[in-house]
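All remarks here apply to the structure that follows.
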Amino acid sequence: MPVFFSEGFDGMVRKAGTGTFQEGSEPDWSALENLVGHSFSNPELLISAMTHKSMVREARTPDRELANVSMGDATSELIVESHNERLEMLGDAVIELVVTEFLFNLPENHPEGKMTRARAFAVNRESLVEAAVSLGLERFMRLGAAERRSGGARKARLQADAFEALIGAIYLDAGMAKAGEFILSHLMKRIYRGVESETGFPDDHKSMVQELLHRLGSNPPIYELVNSTGPDHAKIFEVMATAAGFLTKGTGKSRQAAEQQAARKLLELLQSGSGSDKSSGSGQK
């Protein structure tokens, strides 16, 4: 591992000698290590990977600076000053590289376009959330009180971010081989689904629409968020899609899901070339 990577994280979560801050009961980090299959030589990386910035903001108040963190039989007092955004960025890059190399080395020698589409399908938010849920990362996410009350541990974006940050932590602590092994163990099925699909994007109607419009010589579709309702942890999004004179609407529990539903309806209209009013409402199945 390049030395500058590990040095850049020294002291991100510094050991402290005094203090009394305790944010409820800390997660069982040894249990997460068992799920990952790696015992961290620098456990602060693992803790940082699971720490959302809302936790850090709250911990920086004068009377809440320290957290007692247990790791196996040892307990350390840590200044909570590092959240997972930097590790998330690193993890995202590591995932992209690992999946790209895997696709590149497949014996079929797939063309660049299909590799790109298969990779995008394998590493999209749905894939990362699926991996986070399979690991049960919700149990280990350290969130501020307000974020936790709003259901933050169940938010797709936060779960995907935590998975990427975990990859970044594994890479820094154990190197590329271990990180790659872990990534492929959780994303392999998605990679092969992307490869085996004719388009490289199974169920990705947005990409299918884009490719069809390109072949037809039309402009790419436009997706517009028109409404969102419900509490933060259970929002319903409504999106409008327009292309080639057609208009469709879709709804979903995320903006991405709503866009996919709108794209599916758009694809059906484009393929049939029908629709007297050239529109499809959100109720169409």
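Just so it is clear, glycine is given a Cβ too, placed from its N, Cα and C backbone atoms.
Going by what TrEMBL states, the Mg(2+) site holds ASP161, GLU164, and the candidate of GLU88, GLU96, GLU101, GLU238 recorded there is GLU88. The predicted model assigns the domain 'RNase III' (29-175) a mean pLDDT of 83. Geometry remark: ASP92 (active site) versus GLU164 (active site), CA distance 6 Å. Cα separation, GLU88 (Mg(2+) binding site) to GLU164 (active site), rounded: 5 Å. Excluding the listed site residues GLU88, ASP161, GLU164, the same chain places ASN84, GLU85, LEU87, MET89, GLY91, ASP92, LEU128, ALA160, ALA162, PHE163, ALA165, GLY168 with Cβ atoms within 8 Å of the centre of the Mg(2+) site Cβ atoms.
Same-chain residues at least 6 positions away in sequence with a Cβ under 8 Å from that of ASP161 (Mg(2+) binding site) are, in sequence order, HIS52, ASN84, GLU85, GLU88. Counting every protein chain shown, 26 other Cβ atoms lie within 10 Å of the Cβ of GLU164 (active site).
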